[in-house]
Structures are given as C-alpha cells and as structure tokens.
C-alpha cells in the first residue's frame with residue numbers, strides 16, 4: 001500500500017510539473033536568436049466577469065512632443081554652485097576630475113528601479129547614470145564593456161538613445177566587445193570607437209525566428225491537448241495542437257522579423273556611414289574573423305582591454321605609470337542629481353512600473369521580483385489617484401500578460417486614474433495580451449518601434465491525460481454533482497460535446513469582452529478592432545500605424561507627453577516618484 005501511494009504521489013508530482021511547463025511555454029514564443037519573447041496567453045482557468053463599461057474617450061490624434069534630448073551646458077552662477085556642492089558632497093559621491101565611467105552591459109536587464117545594492121542590471125539606473133554623466137564635469141567619458149545580452153530590442157533601443165544623448169555633450173563613449181551578436185553591435189555602433197580582442201567571438205549572421213511545436217511529444221506521452229483558441233494568430237494553441245507552423249503564424253512571425261531586421265540594417269548602416277545594401281551583403285558572407293570586420297569598418301581596432309586603457313590614458317593625458325581614475329556603474333548610482341545641480345521643480349509625476357507576468361494575488365512562494373501582483377499594483381494606482389500632489393502618471397509596462405482577471409481589474413483602476421489626471425502608458429520590451437490590456441486604460445500609449453504589443457486574443461485549454469494514466473498504471477475516479485462539475489476536474493477523459501460547447505462559449509465570451517474593451521479604449525469600432533486583434537502580435541511601429549499605439553519613443557517621450565497633458569512647460573524640470581523609491585528622468589530626486 002505504501003509503495004502504491006508513493007507511485008501515485010510521484011505521478012501527481014509529474015503531472016503538476018507538466019502543467020507548470022505548459023503554462024511557461026504558453027506564456028512566450030521565441031522570436032529571435034536572442035530569445036526575444038512575448039506572451040500570447042490571455043485567459044486563465046476561470047472565466048471573466050466584467051462590470052458594464054462606462055464611456056471613455058481616448059486622446060484624439062495629434063502631434064505629441066518628441067522628448068528628444070537637448071543638451072544645455074551648465075554655466076554662470078549655477079556652475080559655481082555645482083562645484084561647491086561637489087566639494088561638500090558625501091564621501092561616496094566624490095570623484096576626481098577626468099574620471100572615466102565604466103559600465104558592463106551583459107545578461108539580463110531589468111526594467112525595475114533596483115536599489116544601489118541589488119544584483120543585476122537595471123535599465124532605469126543605466127539611463128540615469130548616462131544622464132548624470134552628461135552634466136557631471138568630473139566625468140570625461142564612458143567605457144562600455146558589451147557582452148551577450150538577454151533582453152528585448154526596446155531596452156537595447158533605450159540604451160542606444162542614451163549613448164547618443166551623452167555624446168551631444170562632446171564627451172566620448174568607447175565600446176569593448178569580446179563577444180558580439182546583433183543586439184550587442186546595435187549598441188556598440190552608437191559609440192565613437194569600437195574595440196575587440198583578437199580572439200573575440202563575432203557572429204553577425206542575421207536574425208532568426210523559432211517556434212516550438214509539442215504535439216508530437218504529447219502524443220508520445222499519451223497526452224491529448226484540448227485547446228480553445230480565439231484569434232487566428234494566437235499561436236500558443238498551435239504549439240500544443242500542431243506539428244508545423246500555420247500560414248497565419250508564419251505571416252505574423254515573418255512580419256515581426258522583417259521589422260526587426262530592417263531596423264537593424266537601417267540603424268547600423270547609418271551609424272557606420274555605409275549603404276544598407278553593403279551591410280546586408282556583408283552579413284550574408286558569414287564573416288567571423290575580426291580582421292575582416294576591421295577591414296570593412298565595423299571595428300576601430302583589434303586590441304586587448306589593457307591596450308584600450310592605455311589609449312584612454314593617452315587621450316585623458318594620464319601618465320602611463322598612473323592609474324586611470326574610473327568609477328563603475330553601481331558606485332556612480334550613489335551620486336545624487338542634486339549634487340550635480342539637476343534639481344527639479346515642484347510638479348510631481350508618478351511613475352508606476354509594472355514588469356513581469358501578471359498574477360492577481362501574491363502567493364506564499366512569491367519573491368519581490370516575481371512579476372506583477374495585481375492587488376499590489378492597484379494599491380499604488382489608488383494612492384496616486386487619491387493624492388492631489390501628482391500632476392500626471394506614467395504606467396511603465398514590461399509584461400507578456402498573464403491572469404485575465406487581474407489584467408481587467410488593473411485596467412479598471414488605470415481608467416479611473418485617467419479620469420482624474422493625465423495617464424501615459426510607456427511600453428518597454430513587451431506589452432502584449434494582459435500587458436496591452438493594462439496599457440489601453442491610459443489616455444496615451446507610447447511604445448518603442450520594436451516593442452512587442454497587441455496579442456488581443458484568448459487561448460485556454462486542458463489536457464486529457466487518460467492514455468498517460470494507462471501507461472503508468474494510474475487511475476482516478478470522480479463523483480460529481482452538477483452537469484458541468486467535471487469540466488476542469490476530469491483530466492482522465494476528453495470533454496463531452498456539451499462540455500466542449502460550454503468551454504468554447506466561455507472563451508468566445510472572454511475574447512469579445514477583451515476586444516470590445518480595446519475598441520472602447522482606442523475609440524475604434526468593434527469591426528475595426530477585430531481587424532487588428534485576432535491574437536496578433538505587432539511591433540510598436542506597426543501597432544502605431546493600426547491605431548493600437550499613439551506615439552513611438554521611450555520613457556523620455558512619455559514624460560514629455562505627460563508634461564504637455566498636465567500643463568507643465570516642457571522646458572521645466574519636474575520630480576518623479578516611483579513606489580518607495582524616487583526616480584528622476586533627468587531631473588531631481590527627492591524623498592517626500
């Protein structure tokens with residue numbers, strides 16, 4: 001008996017692990033060789049119940065401020081006060097004149113504002129340090145170590161934009177790339193000089209799209225997926241029910257890949273002063289030797305890190321026997337903007353960050369960085385709405401979606417917030433499915449050109465594990481009351497016809513509510529929204545052309561639009577609050 005019980009326990013554990021794997025797979029699809037992912041799952045186990053919608057009107061089409069950076073050097077009396085502040089700054093803020101800021105870009109980059117001592121890279125802190133260094137008279141230049149990145153193209157674009165902004169100050173940015181693919185080179189080509197060691201790994205061979213299909217694996221295991229997919233482009237269902245790519249799936253992924261590849265060719269050719277055709281021809285030659293890359297003008301020189309430091313010493317007129325004064329990204333994060341004279345005005349704009357998969361409530365196994373917890377985000381939104389000190393709010397979204405009910409509840413709170421003050425949605429790498437659901441509650445949506453967004457569709461399903469149970473000798477019997485009581489519980493058999501009909505109607509109902517609310521939020525007719533919904537994922541650029549997004553740009557453009565909507569002069573500095581931490585987007589940082 002004990003042995004039988006042990007086998008049954010292990011069987012249940014295996015099933016639970018498989019269900020977890022299914023959830024993980026259904027939340028994302030590979031889009032490039034660098035694992036650019038976006039969620040395509042919207043519906044969870046429980047059907048949605050919505051309140052009757054109120055009428056809201058989204059912003060009319062207009063020309064929004066670009067938020068482009070305009071460098072204005074600090075002069076006169078303000079320059080004197082800045083020098084005085086730096087002399088009296090905290091010990092950890094003090095730097096020598098001629099200091100080089102070093103930043104290592106590799107691995108994952110979070111869209112959250114981490115504390116100074118948190119592990120990993122934070123996009124807000126990277127951009128913040130670029131901005132501070134632009135005005136810091138003690139910083140002479142930036143030395144970037146760029147290695148293989150694991151983030152989306154929107155974050156890469158944001159970093160690249162800040163490199164170009166920094167160079168407007170007349171200071172230099174030098175890149176060192178020991179290992180380089182398309183994303184890494186996309187950042188590096190914005191720098192003044194690019195160096196690599198003789199043994200560097202370069203693979204500028206182009207981009208790929210990958211889509212895994214599990215139907216054959218499931219058949220071998222004796223598992224039958226019963227999937228209800230609403231939206232011909234909602235490809236998560238295909239991954240479970242098909243062995244090859246459908247025409248609609250192929251169409252969508254091809255469009256995404258073409259957008260990314262075209263953008264890469266255009267930006268790289270412009271940065272290197274070459275024709276786009278020449279860049280593409282070079283890519284198609286499959287060149288991996290760094291010597292060829294230097295000959296073709298993709299690299300400044302082939303030297304080791306210590307040799308780059310020697311050249312930087314010469315550039316900064318530091319004696320060869322002396323150490324080059326440097327400060328790393330983490331330590332420089334401790335330099336306050338007020339120390340550099342970058343204080344803001346009285347107007348306060350809230351920045352609410354929402355990153356990761358969406359869940360309604362926090363589980364006992366949750367960690368601080370385990371995604372978006374709906375009830376917690378709603379608390380933040382309500383605090384901003386109930387306070388009169390915030391002139392506007394920005395919802396910064398980097399989410400592939402998740403729990404449908406949580407998405408709807410957050411959408412409702414964002415709509416209520418937008419009814420009391422300007423709300424701008426700023427999209428990072430991905431704001432798809434539930435991530436787009438949140439964004440469409442804002443008055444204006446801003447996305448990067450390569451943000452992955454949309455995915456207005458529904459996919460839900462269950463597994464029939466009957467054949468698997470037979471293989472492993474496991475049995476399960478159910479006693480139920482109610483015609484549809486076994487709809488979710490009976491995983492050892494297929495759905496009955498009446499159960500399958502109810503299952504389908506529930507999914508259709510959820511899709512119609514999602515689509516109709518998207519149409520309402522974007523001031524479209526339902527028929528027009530249907531044309532761009534169907535579970536299709538769009539790049540930010542294409543989403544803008546179809547009315548799903550209002551403007552293309554990063555967080556700086558969202559800030560500029562928020563100031564416009566809040567009647568704050570665009571040239572006036574302001575304060576920005578984020579949760580318990582107070583962040584500045586080029587302005588002041590102050591605890592309230």
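Backbone N, Cα and C atoms are what each Cβ position is placed from, and that goes for glycine too.
Heads up, TrEMBL stuff is auto-annotated, nobody curated it.
Annotation comment: TrEMBL describes 166-318, 417-567 as domain 'Peptidase S49'. According to TrEMBL, the active site, proton donor/acceptor annotation covers 234. Residues or ranges marked as active site, nucleophile in TrEMBL: 433.
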Counting across all protein chains present, how many other Cβ atoms fall within 10 Å of the Cβ of the residue listed as 'active site, proton donor/acceptor'?
29
Which whole-number mean pLDDT does the model give the domain 'Peptidase S49' (166-318)?
95
How many Å lie between the Cα of residue 234 (active site, proton donor/acceptor) and the Cα of residue 433 (active site, nucleophile)?
10
Could you tally the C-beta atoms, other than its own, that fall within 10 angstroms of the C-beta of residue 433 (active site, nucleophile)?
33
